[in-house]
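What Swiss-Prot says about this protein:
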type	residues	note
DISULFID	73-191	disulfide bond
MOD_RES	609	phosphotyrosine
SIGNAL	1-29	signal peptide
TOPO_DOM	576-993	topological domain 'Cytoplasmic'
TRANSMEM	555-575	transmembrane segment
């Protein structure tokens, strides 16, 4: 009504002091102001409609600075529609704008004699334009062309004259596309004062992170937008992974770093990792990375900054296998105290270690043999040359680790010089030959070496004709040969002498086997007998039958081999024909059938109905809107607001309910998805499952009513009450959640989003599973790294089993994994699983069998149950029925909950590595190989005799190669596990008494 004014006494309440509100800014977030009325002292001159609505007044803040405000209080009249529009605000190329409103609202109940149209809310709108074109009548004062941002409700209203309280609300809108915009405020019957309005936008400040520089970046068009900011490495840094970028989120905060830089060689981090500083002279850094510069190793130096390696001093070297951080070393001094012991044509050399090893521990010895000719006296110098290859060194000539060598097969009456060299890993780097100690010896007269081989020239029923080669080392003139022979079955030996290297043995028995040996003789005596050789005389009937008998095994073997080959060819042909008859789709011709036991209640997916409304009618109760009273907004959901209200059904007492509303302007798909949660909840009836009261679908807005849970979500409830509950109380909460999940699993329902944030708590600390809105189906798009569901939500990586992330295999077993994470959340009082690790780091850690450590004061039995839930093989995880039984036993046996892990909690404790099995838990070597996923080698281990853990613990890489483990990766895995086994054995050795 024209000329209407607020009731007497209300105006003073509409101009309270402006209280400063200090909000912690987001990490690295910047706010740039587009408009702020707080600092305006002259008239704002905004446009109001009608003129009797909003009124501009002056006031003072707490510092007595003048401020301009707008107020309205036409509560005595119904059907109010008062509009207020700001001046034109330039957008500055931003896509999303934030509005901070400071206002006061009077409680309608404190104003006497007012109609029921009094409100405590107002609406925020905006209108885009390319220039300042608005007038008093254009655009029309209504929603559309104006775009509604939100309905603004106060946190606190006031009722007394001296108790005005300032509310601060921040809302955002976008995306914006035109040059600027207007803000508009609609009052529909409130008594309020608009104290200040600030329009601003957010951006991520320029930052240096991970040795990379990222520029100042505007936020995106949506709160969930991620804007890519390309980065560049700082000076003296290099890229270690590409592309190098950082994401700016909608709150102006940097997140999700991709790629990284690190300090180059010769440079170390400085100024809190914002600089890479050159290493000063006398220090170096060999590898790129975040490590510091190090002093030069012994016997090395640098003379300039930014050195990546220190050069060795003169006569000092590094081996090719030495790292840059190794000390420079030198060659060893000669061996000491060489002793020779000659025995005819062989000798033994022994020596002592050099005085100076050159600073290395890879000392080896070489023995150089030289044969000398000529006089050793005054008649002239001797001429020496390298020995022949037939000289034998035991254990070897080069690369000796022992300080003793046996040398044989030398020539008799010959002078030799032996040089014993000391070498190490840098001897090849030195321009000088290895240092050595020499010894001269002369061999004595010696008997000839043994005859190498005997040959059969002919045989008969009574004789054998044999020949042989002369000894390799006759050591003089061969005088004759002596042959020893005897019939193998009798063992009585006879001898015969020959001047030549052949002989015929006569008077032998027919068809008999004889053992023959021969030796040579010089003036020094007989040499050793040759190795025994066996020869056989023929039978008197002739050799034809004997030849046939000798060839019979060959004939039989060839026949059998031919038959086996034919059988293999026939089998292969049959297999190929069978594969041709069975097409590639044969494996899909049979389908699995699910049989449900009589009387068992089974969950029915509402998305299987042709008409989703039919599922709602079948499983949810329709409630008349007159029975519902909305009291206040307590949150916002994906589809609309979440409110607290009351439900009064005929014949029943009034109860508090939580009300989810469907926002205005919904699509049919949004309505279907919104009501699908009611169709799901309506099928459940369990004290630990959130109860559906009903739905309102025949009026607007569409609503879902559930029981009201006073303590809201479990995670925030635990954080607010950190350390306030006993272990028994926490286990009781976990038991309730497990009981609810047991009920769901028995109904064949997979939750897929089990987390503490989706568990609601009532005033009696009863926990109930909620949030059944996650889509049951995931889009099969393997190129999408976020694994988004059909509702657009992302899979909660930190709570999801690895098979569900990798293959989207959601089962009750994957819910068990999530339950283990919920257990960890409860025992840590709402701490974030995996702390500040990125989602990709979490995936990698879980894939490498790392698990969360026990929270502070967590009973060992509970953490073991968590680890059981996090077993990689989903078939080995406990069922929810087993989890409930385990928790019941723990509750009955409270003493078991007093045993806690001694490790610290929180981020200071690393993730637990679950890959090292305790060998004492296995009964056989085969079980151990199965546990480390090397079961394919069980037969190889047993066949080679490694059937006990004591023998396995002594195995080397050569042993693995010998039994058939040829793959380098498998060798490494088995050897690492053997090393762990040795450590465990050392820790559990019994004490001898």
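Positions of Cβ are set from backbone N, Cα and C atoms, glycine also.
Shown here: features listed in Swiss-Prot, placed on the structure.
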residue	record	Cβ within 10 Å
73	disulfide bond	24
191	disulfide bond	29
609	phosphotyrosine	16
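When the Cα atoms are compared, residue 191 (disulfide bond) and residue 609 (phosphotyrosine) turn out to be 49 Å apart. Across all of the topological domain 'Cytoplasmic' (576-993), the predicted model scores a mean pLDDT of 81. Residue pair residue 73 (disulfide bond) / residue 609 (phosphotyrosine) shows a Cα separation of 52 Å.
Look at residue 609 (phosphotyrosine): DSSP puts it in coil.
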